[in-house]
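*Asks:* I have a structure here, written as structure tokens, and I will follow up with some questions on it.
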Amino acid sequence: MPAWKDVGTVLGLMCLLGTTWGLICYNVLCIERYMRKCRNIGRLFGVKPGYGIQKVSYSNATMNMTEGYIVHIPSEAVQKGINENGEIGKDMNFIVLVLNKTFFTTNSVSDVIGENVLGVWLGTTEVRNLSEPVQLKFKNTNQTENGVCVYWHLEKTGGQYSGNWSKEGCSTRVQNDTFVCSCNHLSFFAVLINPKIPEEIHIVNLSYISYVGSALSIVFAGLVIVIFICQRKKQSENSVMIHVQLTGSLFLLHISFLCSVWFSDRGDEVCLSLGLILHWCLLATFSWMAIEGFHLYLLLVRVFNIYIKRYTLKLSLVAWGVPTVTVVICGIISKHTSVYGKYSFGKYPNSTSTSICWLTTQTASFITVNGYLGLVMIFNTIMLGVVLVKMRQLRSQDVRIKDNKRRVWKDWVSLLGLCGVLGIPWSLAFFTHAPLNLPALYMFTILNSFQGVFIFLWFLTLTCKAREEEYVSSKGTIHVSFQSNEEHVTTGFVNGKN
């Protein structure tokens, strides 16, 4: 949603156009459509803040905006505009409009220099394929050389328009403290600084890592479920049940992820369904990671009086119920406005574009995914901190431990296992927008794609440890004590059995 300060821009459009259309021009397509039809020169006299108009005929033209932007159109562009408009011998409107970047919502996290976008038009028709390019100059307010000139490219899919930045037909040159953009067409233009979209090789690498990791996670998560079913009578503890349900949600998540990628071109209805299922599986995984943290809280903080009737059932209702309610609401909304559909990223010319069936609106993604994940990560990180404090207290109290290196190694293994079941690596999602976004993306992809494998190793460790304790318990131990030079032999069991 555009910022409040852009309401002024919209109201300005109303005055500019001489109609009430400015009130409903709250999207890029609408603005472009009615700016092209603007003929009321009396109301567009001179240059106003954020708007500029000139009468041109056959010769080139340059417009200097009060915001410091300079737009130069060659005579070829003017002639093409006049010919295509069918108004030979007449002057035509050369219009430049400055818009805030909030009108242009994208899947990219790149920054727009100066926070503004320039819209450039000649008459009512499109002007493209120019041999002599249009030149636009943007002040380098960020003092960076890492900028790319782009234009706003609109695509119509399934009756819905979606836009993204593209650099096709545009070249970038840095001249002193100015970015000079040369483009062979007219449109909305901007300079992206520090583009965060990975290069083609990185997109390919990350995709392969995701596919391999997801496939292995499916296999190993399936093994955990099989092992649990085979040993269900022996492993009925709440902790094991929670681990298995987390594994089950991961199993479904990775299957739905691969299906959403592979079948993203099978039509709108299929993609809507796959996007909804993937959303549900992801939220269920987050919920079970939160349940892991909650269960850890009960074990460590509320050690006594923690019996809860039908504990696992109640946790299951929450962990599976919250995602279900969320996607049902999103599904109902999707009937009126597209919430689920085909989501593309890495969409630059001559580069790899990856598509997936997913949430198509930033608001729904931010609230239900980013917001929910943020709450889960905050809670689970606190729980992990509590575990570290408890472990340190226990180690400081137990002075009898001689094999310090072995103990430290076991502690680290336990800590890494807890990080896996608590989903701590998912917090890397919030660091993929930072300057070190590429390393964070690789770490995020590797750790979370292989989460099913890590949980399998954790589950296997717990199973082997339980077997070992059961074996020791069944053998019993001999406790020896000496009193008055007499040897008393007492036989007992570690588990307290007689």
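Every residue gets a Cβ built from N, Cα and C, even glycine.
Curation does not apply to TrEMBL; its annotations are automatic.
Checked TrEMBL, it gives:
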DOMAIN    52-199  domain 'GAIN-B'
DOMAIN    206-463  domain 'G-protein coupled receptors family 2 profile 2'
TRANSMEM  208-230  transmembrane segment
TRANSMEM  242-264  transmembrane segment
TRANSMEM  276-300  transmembrane segment
TRANSMEM  312-334  transmembrane segment
TRANSMEM  372-391  transmembrane segment
TRANSMEM  412-434  transmembrane segment
TRANSMEM  440-460  transmembrane segment
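Where in this structure would I find these features, and how exposed are they?
*Replies:* Non-local neighbours of the transmembrane segment (208-230) in the same chain are 240, 243-244, 247-248, 250-251, 254-255, 257-258, 261, 442, 445-446, 448-453, 455-456, 459-460, 463; each lies 6+ residues outside the stretch with a CB under 8 Å from one of its CB atoms.
Remote same-chain residues near the transmembrane segment (242-264) are listed as 210-211, 214-215, 217-218, 221-222, 224-225, 228, 270-271, 274-275, 277-278, 281-282, 284-285, 287-289, 291-292, 295, 312, 315-316, 319, 342, 354-358, 421, 449, 451-452, 455-456, 458-459, 462 (criterion: CB distance under 8 Å, separation of at least six residues from the stretch ends).
Same-chain residues lying 6 or more positions outside the transmembrane segment (372-391) and placing a CB less than 8 Å from one of its CB atoms are 283, 286-287, 289-290, 292-294, 296-297, 300-301, 411, 414-415, 418-419, 422-424, 426-427, 429-430.
Remote same-chain partners of the transmembrane segment (440-460), defined as residues 6 or more beyond its termini with a Cβ less than 8 Å from a stretch Cβ, comprise 198, 202, 205-206, 209-210, 212-214, 216-221, 223-224, 227, 243-244, 246-247, 250-251, 254, 416-417, 420-421, 423, 425-426, 428-429, 431-432, 434.
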*Asks:* Which residue counts does DSSP give the domain 'GAIN-B' (52-199) for helix, strand and coil?
*Replies:* 17 helix, 73 strand, 58 coil
